[in-house]
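Participant: Feature table excerpt (Swiss-Prot):
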TRANSIT   1-29  transit peptide
BINDING   199-202, 225-228, 258-259, 278-279, 301-303, 381-385, 432-434  NAD(+) binding site
SITE      Asn202  site 'Transition state stabilizer'
ACT_SITE  Glu301  active site, proton acceptor
ACT_SITE  Cys335  active site, nucleophile
Amino acid sequence: MAAHRFSSLLSRSVPLLSRGGKQSYLGRGVYRYGTAAAAALEEPIKPPVSVQYDKLLINGQFVDAASGKTFPTLDPRSGEVIAHVAEGDAEDINRAVAAARKAFDEGPWPKMPAYERQKIMLRFADLVEKHNDEVAALEAWDSGKPYEQCAQVEIPMFVRLFRYYAGWADKIHGLTIPADGPHHVQTLHEPIGVAGQIIPWNFPLVMFGWKVGPALACGNSVVLKTAEQTPLSALLVSKLFHEAGLPEGVLNIVSGFGPTAGAALCRHMDVDKLAFTGSTETGKIVLELSAKSNLKPVTLELGGKSPFIVCEDADVDKAVELAHFALFFNQGQCCCAGSRTFVHEKVYDEFVEKAKARALKRTVGDPFKAGMEQGPQVDADQFEKILKYIRSGAESGATLETGGDRLGTKGYYIQPTVFSDVKDDMLIAKDEIFGPVQTILKFKELDEVIRRANNSSYGLAAGVFTQNLDTANTMMRALRAGTVWINCFDTFDAAIPFGGYKMSGIGREKGEYSLKNYLQVKAVVTALKNPAWL
């Protein structure tokens with residue numbers, strides 16, 4: 001489809017996972033699941049996939065780390081080891097950057113006709129689509145997110161991203177600019193060179209697409225550092241990229257840890273560009289390391305504490321469902337999650353009761369079990385951090401409506417949790433929890449909620465639920481956020497730019513805007529002798 005939208009997948013498919021007693025059309029069949037609180041946790045289901053690639057990808061070859069070290073990637077359902085993956089460090093980053101530099105300076109990729117790059121990217125997208133179920137299963141196993149979500153939402157998103165950026169490959173061009181005097185002035189849009197990219201664990205492949213797609217479309221080479229929690233899916237799809245004809249050295253993947261591999265990539269003098277998605281604290285370090293090395297430009301997509309505002313004229317049932325999705329999707333592990341739910345005082349009590357009931361109906365269990373809306377959190381650190389915030393909320397005076405504890409005794413499952421009577425100065429209303437914890441705050445006036453919504457160091461996204469066009473128009477302009485969703489949430493498209501205000505980041509990813517991250521603009525001025533019409 002010419003205008004296939006991510007939002008159509010999210011708005012049609014994901015909400016079906018969030019209606020108790022309804023049918024889910026995610027997965028290969030049609031499944032029915034009940035309205036009991038949370039699914040009983042059983043022994044983990046054997047994943048329908050095996051780990052084939054656990055080494056570093058450097059110069060087109062899968063290789064061991066120079067140190068010979070490996071680290072375990074764990075199954076969030078049990079805490080057990082899935083595989084031991086090569087642990088890259090500074091020496092491996094040096095090898096990967098050298099390969100990327102040679103591929104850029106001497107290889108065919110930046111010099112080949114743009115439509116040839118386009119063909120390779122399209123072949124890659126076709127191969128991932130062909131292997132959709134295998135890639136989705138590996139993603140679900142390593143991250144803990146529901147397989148159905150991966151298979152029917154995230155992998156199709158990934159494919160769409162590469163088809164979108166393939167379409168841009170042969171449409172990048174400069175301008176001819178009229179200037180004073182007898183001169184011909186033009187601009188050249190040139191690939192920036194070697195791009196260093198660091199992706200997070202919450203959407204490993206989607207973030208791969210956001211970063212690698214535009215970089216390659218512009219003719220750059222890439223060194224990608226994966227998150228240590230979720231290294232497997234990137235290695236699998238990189239194999240498919242080389243099957244599609246990607247030249248050696250154009251894409252290099254190093255699995256490892258931030259203080260060793262990540263820091264080495266950020267400070268490397270032969271890296272021309274950095275892109276990072278992760279926490280605000282780490283983003284500051286990335287920016288500092290760039291500044292202290294070669295001042296390479298940096299794109300940052302960082303934390304968020306996004307408001308979801310339910311106005312007094314809202315259809316409460318629809319607002320409850322959308323607010324539930326805005327917060328709980330992906331186990332609450334979304335940088336743009338609607339994690340501050342502001343509800344008008346006239347509908348507050350009704351909203352709280354229905355939000356509690358909806359959370360109680362949320363199905364939580366093994367990601368490979370049909371109909372699961374929520375799997376485990378990604379790892380023990382994230383699990384413990386979320387439980388600590390839940391305790392903080394209860395201790396600070398918020399009302400715990402439901403949830404508030406771990407689910408089962410094995411793995412990193414947390415009960416869907418809802419707090420009411422939340423105040424702006426509570427930690428659960430200020431900090432990015434990154435988990436299944438909904439905080440519901442009351443407001444009275446429009447100006448008041450705008451002020452409170454903007455009173456945050458973050459500015460990644462916001463949501464507004466209203467039937468009043470004037471209210472919507474006021475909100476979309478007043479809210480200090482990179483994305484404002486009106487009567488929807490988490491509506492994504494490859495063409496829609498994404499990024500934050502304030503401490504939520506620098507720059508934009510996705511869409512035409514993202515291409516600018518990976519291009520240098522060169523002005524060329526040529527003196528003219530006796531021009532015919534100047």
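Heads up, the Cβ atoms here are built off N, Cα and C, so glycines get one too.
Note that the structure is a prediction, hence the values are computed from the model and not measured.
Help me picture where these features are in the structure shown.
Facilitator: With a 10 A radius on its CB, Glu301 (NAD(+) binding site) counts 29 other CB atoms from all the protein chains.
Packing around Asn202 (NAD(+) binding site) is summarised by its Cβ count: 24 other Cβ atoms lie within 10 angstroms of its Cβ, all protein chains included.
Glu301 (NAD(+) binding site) falls within a strand segment according to DSSP.
Cys335 (active site, nucleophile) carries neither a helix nor a strand DSSP state and counts as coil. Taking a C-beta cut-off of under 8 angstroms and a sequence separation of 6 or more, Cys335 (active site, nucleophile) has the following same-chain neighbours: Asn202, Thr277, Glu301, Leu302, Gly303, Gly304, Glu432, Leu460, Ser504.
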Participant: What are the non-local neighbours of Pro259 (NAD(+) binding site), defined as same-chain residues 6+ apart in sequence with CB under 8 A from its CB?
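Facilitator: Pro259 (NAD(+) binding site) has no long-range Cβ partners.
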Participant: DSSP three-state call for Pro259 (NAD(+) binding site): helix, strand or coil?
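Facilitator: In three-state terms, Pro259 (NAD(+) binding site) counts as helix.
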Participant: Just how many other Cβ atoms lie inside 10 Å of the Cβ on Asp381 (NAD(+) binding site)?
Facilitator: 11
Participant: CB neighbours of Ile433 (NAD(+) binding site) within 10 A?
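Facilitator: Taking every protein chain into account, the count is 27.
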Participant: Could you find out if DSSP has Ile433 (NAD(+) binding site) as helix, strand or coil?
Facilitator: coil
